[in-house]
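Please read the structure below before turning to the comments.
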Amino acid sequence: MALALLLDAAELQTQATDEQNCIKPSGGEAPDNLALGDPTGWLPSSNYGTRGGDRELDKSDHVEEGGPTTTAQPKKIGNWIEGVERNKHGKIVRTCGIDNCTFKAAYTTQMRNHKASKHNIDVRWYRCQEDGCDYKAKYAGHVKRHKQSAHNINVVWHHCKEDDCEYRAKDAGNLKKHKQLVHDINVRWYYCGEPGTKKGTICDFKSKQAGHIKRHKQYVHDIDVQWHYCLVDGCEYKAKLPRNLKRHKQDRHNIDVKWRFCDVEGCEYKAKQPGNLKQHKERIHNIVAEARPPPHSNQKNLTN
């Protein structure tokens, strides 16, 4: 009998505790048979605020069958949020996502510039204000360089100071390339490193420019090749470079042809490619064209 009385007392104490931990809704007493956690009745105070007070459901609360729940939030550890990507400086990294674009940026300006440049979203055009010039660009710096290059506005010349070299450039980067290519100053060599044509050998191709290594790998080793296909019906031609495809279309399909005419009096020769016209003049008219200087050569007043 004593044990039964103790059990009844414990049950009563448990019910009293449950009532204290619940919030009664406005509009009267809850029915005796109301289950705890029923969204139509009392609400557990651990989810809904002050113990014993009345509270209506907030829009941010997601009530599901079987009891109220709240929206799952990422776990926060100090100043870090679990599952959110960050760069090495702690900045949150966001992904573009437009048309499955995987570009990522930690700064709003970077993402805005990317969307304008690659997806033409919210583009702000910068235009050249010179008379008769319709040049425009998505970046103000591009217009500035255009004015320097095309209109000689606000030009700051960069001169090569090597002995007997009169090269100058409008862009500091071009002067740097000139020194590397012509004078071997501060040269950084780029190496292929792919397996050679003979077993157990390494390709020893090297270049002063990274772009040359990339093209070498495409042509020689078929690495990272982006094929460009001719879309003319029945034509299966493909090329590794757009300019080769363009030339193919001109030569084979007469698409976008620009004719070059021989300027010798009485000669009606014409060619689709400048090299063919040059060979014609040399062979037929004994006219040898003046050799063009190589890129970044010691040419005076080269404007780049």
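Placed from the backbone N, Cα and C atoms, the Cβ positions cover glycine too.
Quick caveat, the model's predicted, so the values are computed rather than measured.
Sequence annotations record features per position, and here TrEMBL assigns region 'Disordered' to 21-75.
Summarising the annotation, TrEMBL assigns compositional bias 'Basic and acidic residues' to 52-65.
TrEMBL lists 94-119 (among others) with the feature domain 'C2H2-type'. Here the domain 'C2H2-type' (94-119) is broken down by DSSP into helix, strand and coil counts: 15 helix, 4 strand, 7 coil.
Per TrEMBL, the feature domain 'C2H2-type' maps to 126-151 (among others).
DSSP places the residues of the domain 'C2H2-type' (158-183) in helix, strand and coil in these numbers: 12 helix, 4 strand, 10 coil. The domain 'C2H2-type' annotation in TrEMBL covers 158-183 (among others).
Confidence in the domain 'C2H2-type' (190-221), given as mean pLDDT, stands at 90. Summarising the annotation, TrEMBL assigns domain 'C2H2-type' to 190-221 (among others).
Feature annotation from TrEMBL assigns domain 'C2H2-type' to 228-253 (among others). Taking Cβ pairs closer than 8 Å, the domain 'C2H2-type' (228-253) reaches residues 218-219, 272-273 in its own chain, all 6 or more past its ends.
Same-chain residues lying 6+ beyond the ends of the domain 'C2H2-type' (260-285) with a Cβ under 8 Å from its Cβ atoms: 247, 250-251. Taken from TrEMBL, the feature domain 'C2H2-type' applies to 260-285 (among others).
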Exercise. What are the helix, strand and coil residue counts for the domain 'C2H2-type' (228-253) according to DSSP?
Worked result: 12 helix, 4 strand, 10 coil
